[in-house]
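S.K.: From Swiss-Prot, for reference:
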ACT_SITE  Asp8  active site
BINDING   Asp8, Asp144  Mg(2+) 1 binding site
ACT_SITE  Glu72  active site
BINDING   Glu72  Mg(2+) 2 binding site
ACT_SITE  Asp144  active site
Amino acid sequence: MAIIIGIDPGSRMTGYGILQQTGDKLTYIDSGTIRTDTKEMPERLKRIFNGLTRITQHHLKYADEPIYTAIEQVFMAENPDSALKLGQARGAAIAAMVALDLEVSEYTARQIKQAVCGYGAAAKEQVQDMVCRILTLDFVPQQDAADGLACAICHAHSSHSMNKLILNSAMRGRGASKKKGRWRLTEEDLGNLR
């Protein structure tokens, strides 16, 4: 079991989504946005940092399982000023997570869309719709919050796939045997996995 916090950074609005992963099952916990309505960039960064810190600390209090964070990588915008502001907002979000001793994984927008929609160039509305379907939500989250949830879903799929690869590699190197296309663990392997 794990808690995954997905972050969609933005200089005016940062979206976040929080899920619980239990094996293949994803359960919605929370989502929302941190709005930075001020014109001053340092104040915006402070609001992003403080908002994500407060939200994460709240969930850290109640979590018995490990917490992982995932954030969308910066894309190269046509406007260099926009790309710099987005990079700064992303930096504030990463700093907030690292200050809480949380590991941060990064994914491109294409990777996130591919994981959620099966198509790396999906529109924002498609991502929003698929997030609702995957998590069986009875409401539609705001787009930036849906993007945060999509980032968390992407991390869940990536980490679950990676865990399977690691387990398969460990079994191949040990006394496990393959029977009818499946790996059979020895008693020693089972003991090492506990």
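Glycine is no exception: its Cβ is also placed from the backbone N, Cα and C atoms.
Show me how these features fit into the structure around them.
M.R.: Following the DSSP three-state reduction, the secondary structure of Asp8 (active site) is strand.
According to DSSP, Asp144 (Mg(2+) 1 binding site) sits within a helical segment.
Other Cβ atoms within 10 Å of the Cβ of Glu72 (active site), summed over all protein chains shown, number 25.
Sequence-distant neighbours of Asp144 (Mg(2+) 1 binding site): residues of the same chain at least 6 apart with a C-beta under 8 Å from its C-beta are Asp8, Gly10, Met13, Thr14, Gly15, Thr33.
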S.K.: Counting across all protein chains shown, how many other Cβ atoms sit within 10 Å of the Cβ of Asp8 (active site)?
M.R.: 28
S.K.: Using DSSP and collapsing to three states, where does Glu72 (active site) fall: helix, strand or coil?
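M.R.: Going by the DSSP assignment, Glu72 (active site) falls within a strand, counted as strand.
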